[in-house]
Amino acid sequence: LVSCVGWTTADELYSCSDDHQIMKWNPVTSETTRVVKLPDDVYPIDLHWFPRGIAGKKQSQAESFVLTSSDGKFHLISKLGRVEKSVEAHCGAVLAGRWNYEGTALVTVGEDGQVKIWSKTGMLRSTLAQQGTPVYSVSWAPDSDKVLYTSGKQLIIKPLQPNAKILQWKAHDGLILKTDWNSVNDLVLSAGEDCRYKSDLTTQSQCHKNFIYCSFLKKSQPCKCVYDNKYLLKMTGSLELLFSLLFQWSYALEKPNTGSIFCISWSIDGTQLAGACGNGHVIFAHVVEQRWEWKNFEITLIKRRTMKVHNVMNDAVDLLEFRDRVIKASLNYGYLVVSTSLQCYVFSTKNWNTPLIFDLKEGTVSLILQAERHFLLVDGGGLYLYSYEGRLISSPKYPGMRTDILNGQTVSLSNDTLAVKDKADEKVIFIFEALSGKPLGDGKPLTHKTEIVEIALDQKGLTNERKIAFIDKNRDLFITSVKRFGKEQKIVKIGTMVQSLAWNDTSNILCGIQDCRFTVWYYPNTVYVDKDLLPKTLYEKDASEFSKTPQIVSFVGNQITIRRADGSLVHLHISPYPAILHSYVSASRWEDGVRLCRFVKDQTLWACLAAMAVANKDMTTAEIAYAAIGEIDKVQYINSIKDLPSRESRMAHMLLFSGNSQEAETLLLQSGLVYQAIQVNINLYNWDRALELAVKHRTHVDTVLAYRQKFLADFGKKETNQRFLQYAEGV
């Protein structure tokens, strides 16, 4: 039987079997060669290749692998088949061996119940754990600081540093045979003799007929496009291969006649799969039938090197042939970007015959993100921003960059800005200028008080009004401005229990699924203008039809596509009027905006117009819109602003209207309107600040004291503030 398989490159696989041979396979040329024959007493159990390199740095030792065997040893073997070192590791068989992501340490587990950490040269560093039952499987945490291993029906996560808290839970009703920990989305997967697989304590499969021997999470990035999401593979004694996406729905089912499958391995680019079979065969599989949709185009990967383009408007069909295997693709903003193992193709949806083609440095592209003017490629070497003409625009870098774990939820791109959520500190978002690749503004990243799980930049509008929305660990949705102008940024909460979010591609409308409601924020900027108005600018709909854990796939035009947990796609349509209103306002066509609202007769639209008018300082429109939604107090305040004599005081009172009292005071002081600045503070009962300003500018101290006395008299109170008592004596 073949016991273990492992890929070196996307086109080369090594396999080990009980006939003591190590074989090398090339699925492209169908060549097979014998690398080495091991001694007769070595029965291989597990194989793991040394990591190829982190953040673009190639490793010197990258051409070797660790092989564990039933005689209690592990062997470090070079690519050419030379056994560099054999180490006595455990009593009884060494059941698994895994390099960490940096290649600085190796963990082995055995039948003796020990978990041992070794240096990369094979020197024992520590015995991490000892237990009375065999440890069947082990995995490293994404940042290599913890180890996950099995203990009978339990799973244990143990940090490497001593005295740290150990996490342990009962995961299955039978012996756990295999576990894996995904470095991209942090999910843990386990499979066992209860014939179930489980992921992250939330999802579990239906009962299987046979034991599950092995399961591996694909390391490809979980993009918004769900076919790129996590593929999971179940291997069971019933000769069954099953792909399942997001662990809920079956993607493909094959029943090859190969005996039990003991080990499976994804290729580095996540497009191919190999299995070690009980009857001595090595099985290869490829992911096909991936689909991409945008407006009237539907694209399907029908073979490894062929895509079919279907235009549903006129039923035209085009076939796109590629020289190499397709690894990743993205369809948006009128362009199809396809990366193969060596090249990148950019097709315009207007013309499928003449793609723009350029060569790739690294080859294994793990993520493609598109904006209207350019697109981002992420590979093992870094982040690269290209124009649709194929010109490299910039290559942003940040400290501790790890591109292998970036995905559609942790990177966001707009026409002028790129945002990346850091892995070392999950509360931090790095924000770059797209054109230069340099950090935006003062170079400081955006920092939140809790860990962030998903980020998204809005796509339209002016650069200095660019907003970023993000969901934190508590599932709260926040919005903040990307440009910070040196002052402390206001991060405002606009939603709770948000599962998934997406910005519209043509106007700054945000949609999300929160709790059991589908919500659209027609004008999220309202929180900066008039916070009380925000609930009136929302559209809400019951989301129970989407079942649990739905994901928003896209928000194009006024159509939202949602992927349900069972894999089906649901299309939702929202009102087209808010998007039309956005386009009128961005062109300063206020009269057209008012006319549209009068035609639609919808309170939500009027509320959006009111907020947009205040944000753009158009008082006449704001007055009409507030009147239409019955906010009479605000209409009166706007009227009083219009009667103010100077432009500066009108601007300051507009800032006060939006709740920015600090900025209003600064503006008045800069304009020399000291008395108005003092009066603003008196009206807000900021007595100390009012007195401070009066004393500083040596004017109206008596006025402040008089207002203060009247205020105290109204409430029948005595003056207790020392500063006021001191100045009262002098007046």
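Yeah, the Cβs are placed from backbone N, Cα and C, and that goes for glycine too.
Per TrEMBL, domain 'IFT80 second beta-propeller' is recorded for 289-577.
Assigned with DSSP, the residues of the domain 'IFT80/172/WDR35 TPR' (605-731) fall into helix, strand and coil as follows: 96 helix, 0 strand, 31 coil. Feature annotation from TrEMBL assigns domain 'IFT80/172/WDR35 TPR' to 605-731.
Note on the repeat 'WD' (87-119): residues 45-46, 48-51, 54, 59, 61-62, 66-76, 125-140, 142-144, 147, 149, 158, 160, 183, 404 of its chain, located 6 or more positions outside it, place their CB under 8 angstroms from a CB of the stretch. Residues or ranges marked as repeat 'WD' by TrEMBL: 87-119.
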Helix, strand and coil counts within the repeat 'WD' (87-119) (DSSP): 0 helix, 20 strand, 13 coil
